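**Q** Before I ask anything, here is the structure I am working with.
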Amino acid sequence: MMSFRKWFGSKPEGEQAALKLDADNIPNHVAVIMDGNGRWAQKRGLPRVAGHHSGMKNVKKITMAANSIGVKVLTMYAFSTENWKRPKEEVDYLMKLPMEFFPKEIDELIANNVQIRMTGWPEGLPNYTLKAVQDAIDQTKHNTGLILNFALNYGSRKEMLNGIQRLAQDMKENKVAADEVDEALFSKYLLTDPLPDPDLLIRTSGELRISNFMLWQLAYSELYFTDLCWPEFTEPHFYEAIGEYQRRARRYGGL
Ligand code: FPP
């Protein structure tokens, strides 16, 4: 078993949990449904948006934690195609977060070789949101470390239907034959292409649902649910989730 001591040998107490992890069995892709921001805020007598703000700050912490143990892709579900149903003020607030997050964090993300990506539909997002994300994507596109992938204006059923429409069009144009359609080919028509499927899905706040998130890609992922709300899910909790993943036996339908 490789050790993380080289990274954490002189690091603070909170990272002790990482030392117990098996460095040879780190999930390549961790996806997170960052739920419970609103409830976290309400419990503290704060407006819901204060929870989103704390949640945003936590994205940075968990990104650094994931990077430090060698996770390759970290997908964060930041806004779903269904979230447009929320009150306008809350949607507006969420849409402005990238403008605060990226300028503040980009230098450190670059210093840590992090690449920013987005999975979702640009259509419908305000120009200022897209610009903030696109600038971060452009500034980090040559980085080769952790991919921090924001699922933004993303919904899985829409993604699959859109993929099927494009595939059908390619079949009509004789670019693809019916017997060529297999899992690998269909995956290429999804927004997540070319990212690997998540090995581990973490959902915070005690909700036991997938909520239209990567339904195809999560087929064989390990699922980890915690009652903690997203803003209180800190580095040791993240390492605990990875530890739990390492205790699971992945069988992919075999024995
Ligand atoms: C779900 O919690 C959370 C969201 C809909 C938003 C998540 C977004 C962030 C954490 C910020 C992302 C950062 C950037 C830079 C884009 P909820 O509010 O639905 O929780 P509730 O169920 O308690 O109401």
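Quick reminder: no glycine exception, Cβ is built from N, Cα and C everywhere.
Sharing the record's features from TrEMBL:
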type: BINDING; residues: ASP35, GLU222; note: Mg(2+) binding site
type: ACT_SITE; residues: ASP35; note: active site
type: BINDING; residues: 36-40, ARG48, HIS52, 80-82, TRP84, ARG86, ARG203, 209-211; note: substrate binding site
type: ACT_SITE; residues: ASN83; note: active site, proton acceptor
**Q** Give the three-state DSSP assignment (helix, strand or coil) for ARG203 (substrate binding site).
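**A** Its secondary structure by DSSP: strand.
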**Q** Can you name the residues of this chain that are 6 or more positions from ARG203 (substrate binding site) yet have a C-beta less than 8 Å from its C-beta?
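**A** When sequence neighbours closer than 6 are ignored, ARG203 (substrate binding site) has VAL32, ILE33, ASP35, ARG209, LEU223, TYR224, PHE225, THR226 within Cβ distance under 8 Å.
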**Q** For GLY38 (substrate binding site), name the DSSP secondary structure in the helix/strand/coil scheme.
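**A** Its secondary structure by DSSP: helix.
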**Q** Under a threshold of 6 Å between Cβ and any atom of ligand 1, which of the binding-site residues ASP35, GLY36, GLY38, THR81 are retained?
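**A** Result: ASP35, GLY36, GLY38.
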**Q** Can you give me the same-chain residues 6 or more apart in sequence from THR81 (substrate binding site) with a CB-CB distance under 8 Å?
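**A** In sequence order, the residues whose Cβ lies under 8 Å from that of THR81 (substrate binding site) (at least 6 apart) are GLY120, TRP121, ASN153, TYR154, GLY155, LYS158, ASN212.
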**Q** I want to check the contact list for GLU222 (Mg(2+) binding site): same chain, sequence separation of six or more, C-beta distance under 8 angstroms. What comes out?
**A** PRO27, ASP199, LEU200, LEU201, TYR245, ARG248, ARG250
**Q** Can you tell which of GLY36, GLY38 has the least company, meaning the fewest other C-beta atoms within 10 angstroms of its C-beta, among these binding-site residues?
**A** GLY38
**Q** Quick check for the class: what is the C-alpha distance, in angstrom and rounded, between GLY38 (substrate binding site) and the residue listed as 'active site, proton acceptor'?
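**A** Checking the Cα atoms of GLY38 (substrate binding site) and the residue listed as 'active site, proton acceptor' gives a distance of 13 Å.
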**Q** Taking just the CA atoms, what is the gap between ASN83 (active site, proton acceptor) and ILE210 (substrate binding site) in Å?
**A** 14
**Q** Using all protein chains shown, find which of the binding-site residues TRP40, TRP84 scores highest when you count other CB atoms within 10 A of its CB.
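**A** The largest 10 Å Cβ neighbour count belongs to TRP40.
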**Q** If you draw a 10 Å sphere on the Cβ of HIS52 (substrate binding site), how many other Cβ atoms land inside?
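**A** Other Cβ atoms within 10 Å of HIS52 (substrate binding site): 22.
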**Q** Hey, does DSSP put GLU222 (Mg(2+) binding site) in a helix, a strand, or just coil?
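**A** Reduced to three states, the DSSP call for GLU222 (Mg(2+) binding site) is strand.
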